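Taken from Swiss-Prot, the feature active site, proton donor applies to His37. Residues or ranges marked as ATP binding site in Swiss-Prot (evidence: sequence analysis): 30-37, 152-155, Ile181, 189-192. Per Swiss-Prot, beta-alanine binding site is recorded for Gln61, and the stated evidence type is sequence analysis. The (R)-pantoate binding site feature in Swiss-Prot is assigned to Gln61, Gln158.
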Amino acid sequence: MLVARTKKELLDALTPLHTQQRSIGLVPTMGALHSGHASLVAKAREENDVVVTSIFVNPLQFEALGDCDDYRNYPRQLDADVALLEAEGVDVVFAPDVEEMYGPTGLPMLWVRTGEMGERLEGASRPGHFDGVATVVAKLFNLVRPDRAYFGQKDAQQVAVIRRLVRDLDFPLEIRAVPIIRAADGLAESSRNQRLSGADRAAALVLPRVLFDLEERAATGQPLDIEGARAQLRAAQGVRLDHLELVDAATLEPLTVTGALDRPALVVAAIHVGQVRLIDNIELTPR
């Protein structure tokens, strides 16, 4: 397995593979890898000749372009991540620093703007977040030129934004969304889970419980009670609700449903537990 720290090292490794018409799967990550990332790599390994994984904590998608505690405290464990990726059969790891990605200033002159799609839900709480995501992903697509790229369904809005990026900018690749991986207690796997204390993790379990209840209601034809779900999260000790919304599964446009659900939908949510912000979602299928 090659670990490329520069764009030149990456391109030197990939150019012969493109010449040989080997299929390439890209798994973009910010490191602090877990079983959810491993599932992305496994899917990429299954569908491609070559798997490339990027590890880059992207300051552009954090508050104040990374000048914040969330960016500074984001888990970084490159050696452990590289060992995991080698065990999972990854061929190339691209692990640049900020200057390598964005030049001496650490900021690009040109950005991808995601507009209204990137300004609601997660984007309302994290202004500019999806512009930063789309910008770095566009750069990775240009550098790697993958046939397929793999993202976790846990970040449902990110998946929708990236699909739109590919469509609007005519990137010649497929986007694969891989189902959420959950721990035995139901919590969605996330790099941020490392920062939860035992008490915080116990408090956070209210989120999957609320989502599973909504899933059951949809599947059995019961009326959805979105406001009741919000109330449960607001009342939970140690938890602060950011948002919980019912949206169209494809467009993420808000949905208003009275009575039983009559179309596929998604519930997306974010909460704060201690100093950690967690996101989750669940697909709802009507009876």
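Heads up, the Cβ atoms here are built off N, Cα and C, so glycines get one too.
The structure, with features from Swiss-Prot marked on it.
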| residue | record | DSSP class |
| --- | --- | --- |
| Met30 | ATP binding site | coil |
| Gly36 | ATP binding site | helix |
| Gln61 | beta-alanine binding site | helix |
| Gln153 | ATP binding site | coil |
| Gln158 | (R)-pantoate binding site | helix |
| Ile181 | ATP binding site | coil |
| Ser191 | ATP binding site | helix |
Met30 (ATP binding site) CB neighbourhood, other CB atoms within 10 A: 18
Residues that sit under 8 angstroms from the residue listed as 'beta-alanine binding site' by C-beta distance, when 6+ apart in the chain: Arg126, Gly128, His129, Phe130, Asp131, Gly132, Val133, Val136
Inter-residue Cα distance where the pair is Met30 (ATP binding site) and Gln158 ((R)-pantoate binding site), in Å: 14
CB contacts for Gly36 (ATP binding site) [other CB atoms within 10 A, all chains]: 22
Most Cβ neighbours inside 10 Å, all chains, among the binding-site residues Gln153, Gln158, Ser191: Gln158
Fewest other C-beta atoms within 10 angstroms, as judged across Leu33, Ile181, which are the binding-site residues: Ile181
